[in-house]
Amino acid sequence: MPKFLDAVAGFGVTFGSMFKKPVTEEYPEKPGPVAKRYHGRHQLNRYPDGLEKCIGCELCAWACPADAIFVEGADNTESERYSPGERYGRVYQINYLRCIGCGLCIEACPTRALTMTNDYEMADDNRSDLIYGKDKLLAPLEPGMEAPPHAMAPDSTDDDYYLGNIKPAARDAR
C-alpha cells in the first residue's frame with residue numbers, strides 16, 4: 001500500500017504544477033539582467049589619453065590556472081609609445097576555449113589593465129574565432145583619446161599615469 005501512496009503523491013505534484021504560469025525567457029530578443037560583478041568577456045583598458053594600461057609584465061598569464069592567456073611584451077620607444085612605462089604588451093591573446101572565467105588574471109594585474117565586462121555572448125561556430133587578440137580585447141577609444149602610438153601627455157611622468165593624474169587632452173595643440 002505505501003507504494004501506491006507514493007505514486008498518488010507524485011501525480012499530485014504533477015497535477016499541481018499543471019496550472020502554474022510557465023516561465024519563458026525570451027533570450028535572444030530580451031536578454032536577462034546580469035549581476036553587477038559578473039565575470040564576462042575580458043577587456044584591456046586605456047588611460048584617458050588613449051595609451052594602453054598593459055605593461056606586458058605577463059603576470060596575468062602566470063596567474064591563469066587554465067593557461068588561456070599569452071602575452072608577449074616589447075619595449076616602448078620615443079617614436080612608438082603604446083603605454084607610459086618602458087614596456088607594453090605587443091601580443092595579447094586570450095583563448096576562450098580554455099578560459100574558466102575565474103578572474104585570477106584580473107587580481108594579478110598591477111596596473112588594472114585587465115578587467116571583465118558583462119558581455120557573455122561569445123558563442124561561435126569557429127574555434128579559431130574564440131582566440132581573442134588585442135584587436136578584440138582593447139577598450140574602444142572614447143572622445144578625447146588618441147590611438148597609440150603617441151607620446152605621453154606633456155610634462156607628465158609614468159607615476160602621473162599610475163596615480164590617475166592624466167586627463168583627456170586636446171591633441172590639436174601639437
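Cβ coordinates come from backbone N, Cα and C, glycine included.
Here is what Swiss-Prot says about this protein:
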type	residues	note
DOMAIN	44-74	domain '4Fe-4S ferredoxin-type 1'
BINDING	Cys54, Cys57, Cys60, Cys109	[4Fe-4S] cluster 1 binding site
BINDING	Cys64, Cys99, Cys102, Cys105	[4Fe-4S] cluster 2 binding site
DOMAIN	90-119	domain '4Fe-4S ferredoxin-type 2'
REGION	143-174	region 'Disordered'
Spatially closest candidate among Cys99, Cys102, Cys105, the listed binding-site residues, to Cys60 ([4Fe-4S] cluster 1 binding site) (Cα to Cα): Cys105
Cys54, Cys57, Cys60, Cys109 excluded, remaining Cβ within 8 Å of their centroid ([4Fe-4S] cluster 1): Ile55, Gly56, Glu58, Leu59, Val71, Gly89, Cys105, Ala108, Pro110, Thr111, Ala113, Leu114
Spatial neighbours, same chain, of Cys99 ([4Fe-4S] cluster 2 binding site) - Cβ under 8 Å, 6+ residues apart: His42, Cys64, Ala66, Ala68
Cys105 ([4Fe-4S] cluster 2 binding site) and Cys54 ([4Fe-4S] cluster 1 binding site), Cα-Cα, nearest whole angstrom: 12
Which of Cys60, Cys64, the listed binding-site residues, has fewest other Cβ atoms within 10 Å: Cys64
For Cys109 ([4Fe-4S] cluster 1 binding site), the number of other Cβ atoms found within 10 Å of its own Cβ: 19
